[in-house]
Amino acid sequence: MTNIRKSHPLMKIVNHSLIDLPAPSNISAWWNFGSLLGLCLGIQIITGLFLAMHYTSDTLTAFSSVTHICRDVNYGWIIRYLHANGASMFFICLFLHVGRGIYYGSYTYSETWNIGILLLFAVMATAFMGYVLPWGQMSFWGATVITNLLSAIPYIGTDLVQWIWGGFSVDKATLTRFFAFHFILPFIIAALVMVHLLFLHETGSNNPTGIISDADKIPFHPYYTVKDALGFLLLIALLLTLVLFSPDLLGDPDNYTPANPLNTPPHIKPEWYFLFAYAILRSIPNKLGGVLALVLSIAILAVMPLLHTSKQRSMMFRPISQCLFWVLVADLLTLTWIGGQPVEHPFIIIGQLASFLYFSLILILMPTCSLIENKLLKW
């Protein structure tokens, strides 16, 4: 008799995706972040669901409802901080996952890569709207500043902003719709994840060498299920350490002050994971130019498959490209630091140079470097 795992219509799909899936034998810990992102999404959906049971999306009671969750709801404080710090973990895993894709040339699977970019945009949108919900000072002013950027769009900009706000300023209508979108988007993300995996399983996983590994595959279970389980354990340990010992480490103290439209905070800045994009936005004095640069800072990932000029897929055996990759990482860390600094000398010029370097590396330096490496190999 055939095993139910291989014959049952539903079990068969799970079996082909998680159990009998042929996987390369040499994928390293950098390949753990896909499953860790799945875990993060699960944690966010579950904690978010419990928070939504107690939260009220009204400007008069939103801040109080979050306080009520932390003080009066059973274990509400841990649910709230798991959700807030879970977002930070989500982005840490996302950045490492994308970084691994760039380093090992996984972007050559263009369908999987493009769905991944869509996922990145969706997660960023969800996180932004979630940050508005507690209705603290940074929530309100962050929402005002970022939504206002759309007014830079020629002709329809102002109407578009007022349509999104549901009025002439960020108010009750804005908060209600942001809550609705923040609730539905994670489920859209989960659906996109399925498409992402569907495309990935069409081609099979890449591996550190970038060489086709069809000749040397091993079953996903037990080898990579055990490896993923260890990753889960480490991620949960890190998240719980953050939540139980220093829950406000990555937050902004201004968000513990209720939103006040009459009082602007001295430094309006987003959560740490958006600071690099915020620094790129601020580095261009023109409003429309800044908005375009902001969108392009993520959208530029879509041109990476087109700019792959190397004869080798992975950077594993390309030392010059490796150097440029780590310069890119250092540049993004610099942009993250600049995004949190006030707009004054010398931070303005550092931000402009770092932004210029970011686009130059991806569009010019890395493809040129790949061509030089091809020449060095006499190909």
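Indices start at 1 and increase along the chain as displayed.
The backbone N, Cα and C atoms fix where each Cβ goes, and this holds for glycine too.
The heme b b562 binding site annotation in Swiss-Prot covers His83, His182. Summarising the annotation, Swiss-Prot assigns heme b b566 binding site to His97, His196 and lists similarity to another entry as the type of evidence. Positions annotated as ubiquinone binding site by Swiss-Prot: His201. Residues or ranges marked as transmembrane segment in Swiss-Prot: 33-53, 77-98, 113-133, 178-198, 226-246, 288-308, 320-340, 347-367.
All features noted in Swiss-Prot, drawn onto the structure.
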residue : record                   : Cβ contacts under 8 Å, 6 or more apart
His83   : heme b b562 binding site : Gln44, Thr47, Gly48, Leu51
His97   : heme b b566 binding site : Phe33, Gly34, Leu37
His182  : heme b b562 binding site : Gly48, Thr126, Met129, Gly130, Leu133
His196  : heme b b566 binding site : Thr112, Ile115, Gly116, Leu119
His201  : ubiquinone binding site  : His16, Ser17, Leu21
Same-chain residues near the transmembrane segment (77-98), Cβ under 8 Å, at least 6 residues beyond its ends: 30, 33-34, 36-37, 40-41, 43-44, 47-48, 50-51, 66, 69-71, 116, 120, 123, 127, 130, 235, 238-239, 242-244, 247, 250-251, 271-273, 301
Distant-in-sequence neighbours of the transmembrane segment (113-133), which means Cβ under 8 A and at least six residues beyond its ends: 55, 57, 62, 66, 87, 90-91, 94, 98, 101, 106-107, 139-140, 142-143, 146, 174-175, 178-179, 181-182, 185-186, 188-189, 192-193, 195-196, 199, 270-271, 273-274, 298-299, 301-302, 304-305
Chain residues outside the transmembrane segment (33-53) and at least six past its termini with a C-beta under 8 angstroms from it: 69, 79-80, 82-83, 86-87, 89-90, 93-94, 96-97, 100, 182-183, 186-187, 189-190, 193, 228, 231-232, 235-236, 239
Segment proximity, the transmembrane segment (347-367) to the transmembrane segment (288-308), 3 or more C-beta pairs under 8 Å: yes
